[in-house]
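Going by TrEMBL, these are the annotated features:
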BINDING   C181, C183, C186, C191  Zn(2+) 1 binding site
BINDING   C181, C192, C219, C223  Zn(2+) 2 binding site
BINDING   C186, C219, C225, C229  Zn(2+) 3 binding site
BINDING   R251, G252, W253, N320, H321, Y362, K390  S-adenosyl-L-methionine binding site
BINDING   C323, C389, C391, C396  Zn(2+) 4 binding site
DOMAIN    37-95  domain 'Chromo'
DOMAIN    179-237  domain 'Pre-SET'
DOMAIN    240-363  domain 'SET'
DOMAIN    385-401  domain 'Post-SET'
Amino acid sequence: AWYVPCLASLETLQELCRKENLRCKSIGITNRSLKSYEVEYLCDYKVEEGKAYYLVKWKGWPESSNTWEPRKHLNCPLLLQNFLRDKNEYLSRVREGKALKVRNRVKTLKPAIADYIVKKAKQRIALQRWKEELNRKKNHKAMILVENTVDLEGPPLDFYYINEYKPAPGINVLNGITTGCECADCPAEKCCPKEAGFILAYNKRKKLKIQPGLPIYECNSYCRCGPDCPNRIVQKGTPYSLCIFRTNNGRGWGVKTLQKIKTNSFVMEYVGEVITSEEAEKRGQLYDNQGNTYLFDLDYDSDEFTVDAARYGNVSHFVNHSCDPNLQVFNVFIDNLDLRLPRIALFSTRTIKAGEELTFDYQMKGSIDLTSDSAEGLSPSKKRIRTVCKCGAVCCRGYLN
């Protein structure tokens, strides 16, 4: 038997069961649980006969079951805090950021305020579920956080998190490597980089020591060395906790680090769907009409393949462009030595403070024809439109292409 994962949340399935008066033990809807109530979020507020009431959305129940409850019935301080913060945030925006004097004598909320509070609550729940999904799917120890304090935008609707290349039909991203180094303590005289004709990419502190443009050859699954080998860096995944956040200057989503990153450190790998350059040209024209693209040419040795991270990707999908970036692209070879299909790794070019946004130059060598959520960069060879750059750097070129 085969199955496909359900895209509906547990609460949504519970709502459907309760709405149709159905029992389903596997999702917790039994005769006993039909009488259980938990506050999911607060929708509205009013005062009647001197008593404060909140309109409650019950977790696992349809909105038609919402009820007005007195304040003393609510044991949910965090949800009350979110409700008040969302109300004040809406009023602050309406009043163009002027200082607010919160009046406790308000008897009812205007429909626009209540509508905003509900949308914000739903967004908060959706982003929390997305964060949990991302952390379930990632294959590294560091955490992924999600944050939006700017607008009501929720998770992208057509994005699927992956940890490695997803080859399109007919493309094989592995060339069947069956040999590795015999080093007991890498790097030795015949370690993987030297066998490929290059120097070891990392120093004793596991920091990058080679110049941009040179390839990185890491030890592979057939090598004698263990997981603590100093030549195994990219394959372990990002070691830093990162946050996907909503930018406040129209660049869509971005990524910031939650930890300090030292110079020449591996930060993340760029992954997506591997397609042919011919297919990339077709998709590029379609993406142009939609206003964005995530095409990354694998041009280390040839231009036969492209990585498309529009629908399939990892955190790097959300990294924005900058004309003065703090990340640099490097081509990496591990279990695949096919020069047409390098893995793409992003390393820090300087010390990056905790809370600082991560960026790289979409026009740097090896990173052509790529954009983030709302910054649509096109390679010079495939230039169709000129897109204004919003990176804000002192050395900004003015355009992404």
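Every residue gets a Cβ built from N, Cα and C, even glycine.
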Report task. Write out how many residues of the domain 'SET' (240-363) are helix, how many strand and how many coil, based on DSSP. Result -> 18 helix, 49 strand, 57 coil
Report summary line: Y362 (S-adenosyl-L-methionine binding site) to C323 (Zn(2+) 4 binding site), Cα to Cα, whole Å, comes out at 8
Requested in this report: Round to a whole number and give the Cα-to-Cα distance in Å for the pair C391 (Zn(2+) 4 binding site) and C225 (Zn(2+) 3 binding site).
Outcome: 43
Report task. Compare the C-alpha of C223 (Zn(2+) 2 binding site) with the C-alpha of each of the binding-site residues C181, W253, C323, K390, and give the closest one. Result -> C181
**Report entry** For the binding-site residues W253, Y362, the one whose C-beta sees the most other C-beta atoms within 10 angstroms
**Finding:** Y362
Report task. List only the single closest residue to R251 (S-adenosyl-L-methionine binding site), chosen from the binding-site residues C191, C192, C229, C389 by CA-CA distance. Result -> C389
Query raised in the report: Relative to the Cβ position of C223 (Zn(2+) 2 binding site), how many further Cβ atoms are located within 10 Å?
Result: 20
Report task. Could you say which of the binding-site residues C191, C229, C389, C391 has its Cβ with the most other Cβ atoms inside 10 Å? Result -> C191
Report task. Pop the Cα-Cα gap between C181 (Zn(2+) 1 binding site) and C219 (Zn(2+) 2 binding site) into the table, whole Å please. Result -> 7
